[in-house]
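Structure first, commentary second.
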């Protein structure tokens with residue numbers, strides 16, 4: 001899951017979030033193979049409910065959501081909302097806002113999705129039970145991969161960070177489309193119709209100048225419930241919600257600066273012995289606060305608000321309930337699915353991203369970005385194999401409780417492929433990037 005705001009500002013957050021994800025995943029694996037494994041499984045299967053009168057918000061198909069279902073289908077909607085906000089911003093003003101900017105990362109991402117699927121299918125043929133996991137190695141974890149890249153500090157050219165971020169965003173778009181198209185059950189269109197009407201309502205309310213984020217989120221919860229009942233995976237509701245969040249601020253920067261200057265010029269001076277603000281001073285400060293809120297668009301404001309919750313709560317919880325790989329028990333721990341996923345992430349991502357980038361540049365379709373070369377592209381192509389979050393998510397959708405042995409194999413493949421890709425990518429970049437003077 002971050003994209004271009006200021007790469008330097010987010011380096012520290014990416015590193016911390018990546019470490020937290022890694023530690024949480026290790027903790028889950030340790031607990032799942034310890035005497036506390038039964039407690040861990042009970043936690044995952046614990047049923048939840050949120051009742052308002054006779055209505056239970058956390059119910060689906062006649063049963064309460066379990067803890068793992070609530071996290072995967074509920075809390076992960078917040079993650080996908082943030083992903084949607086990032087995608088929308090990149091499409092409007094970022095690295096996907098024009099063909100010139102988007103061409104190379106788009107082509108690289110296509111290679112990074114197609115080749116892993118081909119490699120997976122060579123190990124687990126489509127049509128078999130294992131073949132259901134074809135889409136697992138398609139994804140790149142933005143936060144995790146940028147976190148590893150950030151460990152190299154100022155040695156990394158900004159263009160390389162932009163390239164990694166942009167092709168990971170395109171990967172996310174591909175992953176979202178796969179989830180929406182291939183991992184939806186029987187569709188109940190009446191629920192989707194109500195959800196569509198609410199989206200249209202939010203769109204026109206936003207066009208009329210509404211900026212209350214709480215209102216959009218409350219309606220978003222209603223839409224999430226409708227998706228949960230519809231058969232379309234509920235996390236998709238978060239992505240679509242992002243596209244009706246207003247992206248235009250109420251004040252432009254020029255007007256904001258003029259207003260702040262005027263407020264400061266008329267700000268009452270403090271008395272020599274005063275330590276408490278006067279009512280007039282408080283009123284002026286509230287004007288500053290109001291103007292500052294209006295110069296930030298709801299899209300950017302909500303995205304900023306969600307980063308902390310997603311990176312330090314939602315994703316660690318997701319890792320904890322999904323990374324509990326069993327190293328013993330019924331069935332093969334390491335099987336064809338493990339190999340297919342690990343090879344897809346490690347070899348497939350590298351070959352796909354590197355070869356498609358090479359073809360795009362050598363054919364003259366798009367130029368090589370300033371500050372990048374084939375050596376550091378090879379390192380970033382390896383980092384593209386850090387699948388983790390979305391790969392684990394798709395693994396659960398592919399196999400779920402119906403195929404616990406294959407799901408366990410897929411999780412082991414995701415974890416091993418991610419770790420190897422992260423280590424190799426870091427080492428390659430450490431060797432090829434110029435040393436700091």
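Using N, Cα and C of the backbone, Cβ positions are placed for all residues, glycine too.
Taken from Swiss-Prot as is:
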TRANSMEM  12-32  transmembrane segment
TRANSMEM  65-85  transmembrane segment
TRANSMEM  103-123  transmembrane segment
TRANSMEM  133-153  transmembrane segment
TRANSMEM  162-182  transmembrane segment
TRANSMEM  186-206  transmembrane segment
TRANSMEM  214-234  transmembrane segment
TRANSMEM  308-328  transmembrane segment
TRANSMEM  333-353  transmembrane segment
TRANSMEM  377-397  transmembrane segment
TRANSMEM  412-432  transmembrane segment
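Outside the transmembrane segment (214-234) by six or more residues, the chain places 57, 60, 73-74, 77, 81, 179-180, 183-189, 191-192, 194-195, 198-199, 201-202, 205-206, 240-241, 244-245, 298, 302, 397 with a CB less than 8 A from a CB of the stretch. With pairs at least 6 apart in sequence, the transmembrane segment (162-182) and the transmembrane segment (308-328) have fewer than 3 Cβ pairs within the 8 Å limit; the two do not touch.
For the transmembrane segment (133-153), the list of distant contacts is 1-3, 7, 10-12, 14-19, 21, 112-113, 116-117, 119-121, 124, 126, 160-161, 164-165, 167-169, 171-172, 174-175, 178, 182, 311, 315, 337, 340-341, 343-345, 348-349, 380, 383-391, 393-395, 398-399, 406, 410, 413-414, 417-418, 422, 425-426, 429-430, 433, 436: same-chain residues at least six beyond its ends, Cβ to Cβ under 8 Å. In terms of C-beta pairs under 8 Å, the stretch of 65-85, 186-206, 377-397, 412-432 lying closest in packing to the transmembrane segment (333-353) is 412-432.
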